[in-house]
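According to TrEMBL, the feature repeat 'TPR' maps to 12-45, 46-79, 111-144, 145-178, 179-212, 247-280, 281-314, 315-348, 349-382.
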């Protein structure tokens with residue numbers, strides 16, 4: 001068969017092969033054309049939907065990638081490779097609840113599936129659950145340094161700093177020049193608000209990985225937390241120049257203006273982030289709290305409710321909704337929201353403190369005292385040394 005006849009062919013297998021070849025050569029837009037041709041001939045071809053999702057992801061078109069993966073999964077629901085790509089995308093979009101629901105129902109998990117689930121727990125602050133997943137992998141692969149390092153980050157989240165340090169020392173002994181370890185140590189220092197130390201390790205990593213997307217943003221975040229807004233903005237701008245369709249740098253610029261109390265500008269950039277990732281409840285919460293700063297409480301409440309429509313188990317959104325309702329003097333509704341936040345995460349002292357304050361406002365001193373004591377006990381527990 002001649003080349004011309006191949007290109008004119010409607011054989012989905014050949015069309016898929018051509019699309020895959022374009023994909024492997026980095027010609028993602030061209031590959032999508034052939035995946036679409038494949039699907040015109042064979043609409044329920046899961047491989048075409050899967051590779052189309054991969055191509056969209058490489059082009060930074062997350063929503064289109066998500067749609068393609070969902071179509072592939074609807075046809076082949078137990079395909080581990082599709083599940084991995086889809087849930088990693090969900091994690092990157094901060095749609096952790098959806099990711100966890102899918103991963104928990106996988107009947108035959110491999111280590112990669114378990115790691116992705118652990119990462120989703122880690123990002124949502126469910127550090128004990130994350131450690132359970134990482135330990136599962138480490139039972140089989142005790143020298144798996146990337147997983148050891150992630151376990152260290154979870155231990156930092158639990159404020160078990162001595163154990164985390166032991167973990168990182170173990171990783172450095174296994175591989176003293178492993179740049180991924182430097183990144184993880186930087187993330188750990190960032191988590192405990194030691195931003196200068198975090199920047200030291202981010203710089204070590206960036207010396208070996210010039211312009212890395214995630215670490216450059218993380219360094220910008222650390223600079224922002226230190227009040228070095230111009231330096232942070234420079235880094236965010238460099239990332240934006242290369243990743244203009246990605247929501248994360250737009251969101252970071254919005255947060256920078258939020259920190260400098262330029263709330264109108266913050267909303268502008270957060271709206272741009274939301275346009276690029278409309279499914280992300282975290283961005284909606286950030287928009288809502290910014291409207292609160294402008295005393296537009298009804299608009300703030302609207303965004304919190306939108307966030308909860310995306311993720312009804314988003315504890316922080318329930319807390320902010322309670323905060324806004326309290327400002328609107330809808331105190332009993334506020335109490336319900338704080339209780340919901342606590343039912344999702346009972347270990348956040350801030351939720352208990354807010355609940356205490358609203359009980360005090362309505363004159364329920366006993367309830368206020370009980371909630372306050374819970375908040376203080378949690379704070380004291382978090383400050384206990386390892387040996388206590």
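Just so it is clear, glycine is given a Cβ too, placed from its N, Cα and C backbone atoms.
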Going along the chain, which residues at least six beyond the ends of the repeat 'TPR' (315-348) come within the CB cut-off of under 8 Å? 125, 281, 284-285, 288-289, 292, 297-298, 300-301, 304-305, 307-308, 354-355, 357-359, 361-362, 378
By a Cβ-Cβ criterion of under 8 Å, what residues six or more beyond either terminus of the repeat 'TPR' (247-280) are in contact with it? 62-63, 66, 93-95, 217, 220-221, 224, 229, 232-233, 236-237, 239-240, 286-287, 290-291, 293-294, 310
Please spell out the DSSP helix, strand and coil residue counts for the repeat 'TPR' (179-212). 27 helix, 0 strand, 7 coil
List, by number or range, the same-chain residues at least 6 past the repeat 'TPR' (145-178) whose CB is under 8 A from its CB atoms? 115, 118-119, 122, 125, 127-128, 130-131, 134-135, 137-138, 184-185, 187-188, 191-192, 382-383, 385-386
